[in-house]
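Q: According to TrEMBL, the record shows the following:
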COMPBIAS  49-59  compositional bias 'Acidic residues'
DOMAIN    101-273  domain 'Yip1'
REGION    29-61  region 'Disordered'
TRANSMEM  120-141  transmembrane segment
TRANSMEM  161-185  transmembrane segment
TRANSMEM  197-222  transmembrane segment
TRANSMEM  228-250  transmembrane segment
TRANSMEM  257-281  transmembrane segment
Amino acid sequence: VASLVLYLFAEFDDAANLLAANPDATTISIDEPAEIPKNQRGHRQEPGREEDDELLGTDDSDKTELLAGQKKSAPFWTFEYYQTFFDVDTYQVLDRIKGSVFPVPGKNFVRLYVRSNPDLYGPFWICATLVFTIAVSGNLSNFFIHLGKPTYHYVPEFRKVSIAATTIYAYAWLVPLALWGFLMWRNSKVMNIVSYSFLEIVCVYGYSLFIYIPTAILWIIPQKVVRWVLMMFSLCLSGSVLVMTFWPAVRDDNRRIALATVGTIVLLHALLAVGCLAYFFDAPELDFAAPVTPAHNVSTVITKSQ
């Protein structure tokens, strides 16, 4: 014990002499590990590389996405499992809507807006709003077109709500499901293909339909040329979101397969827009004859003369 005490005092004297000779010297305790400077950890990154990695979802952002996916450990039959799909605030929803209406060339919608927190809140309510907007606007358009015709009697067509709901929700769920299955299959063939989760694809398709809500309201204008110009403009905006999102996922695949995949995505999106415009707004409507009010029956009393 005495020798240990003498050794500690000797070490303390050496440190004191060193500090006296050089006040700027730094002493390192053997009990505390030395910190590794941040600029010496791993490889040196190029300028702007961190921002690109964050945007493209590489390295740390991919690990964040994996950890975010591991947090959803609740069973799928519980309310907590589905609650995570609606865990977004108003600012996130508005930001994603803005990104779908004003697409940025060369930017990926999933990596830029959705990232590790895809939601079903926005797609569900966007589709629901679009269903009622198309159905109501279609009835109003039919009413304004035939307004003033004496032979026309307005009859609201409530069946358009169910038809619009079936069409839009089937498109917003079945097409992403088919695309997700195709990307998973091609990912097993080509390793460089970027894979998206089913929830991310549904999120992209749901937000891409938002532009059709104000467009459907403007379709009330009884001018076919104006309607088709509005449809083409909306189709270009929403279609560009889909192309810029899914082209990076298939561009490393076979050239023909990649072009066919993107072409099919655009074609199905165009069929939805053209079909809604043609069926709900430009479909020929039969003029229903105005109901004729029956005249009052005049009872004729015949008196027999005897």
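A Cβ is built for glycine as well, from the same backbone N, Cα and C atoms used for every other residue.
Unlike curated entries, TrEMBL annotations are predicted automatically.
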Q: State the non-local partners of the transmembrane segment (161-185) in its own chain: residues 6+ outside its ends, Cβ under 8 Å from one of its Cβ atoms.
A: 123, 127, 130-132, 134-135, 193, 195-198, 201-202, 204-206, 209, 246, 249-250, 261, 265, 268, 272, 275-276, 279-280
Q: Across the domain 'Yip1' (101-273), what does the pLDDT come to on average, as a whole number?
A: 89
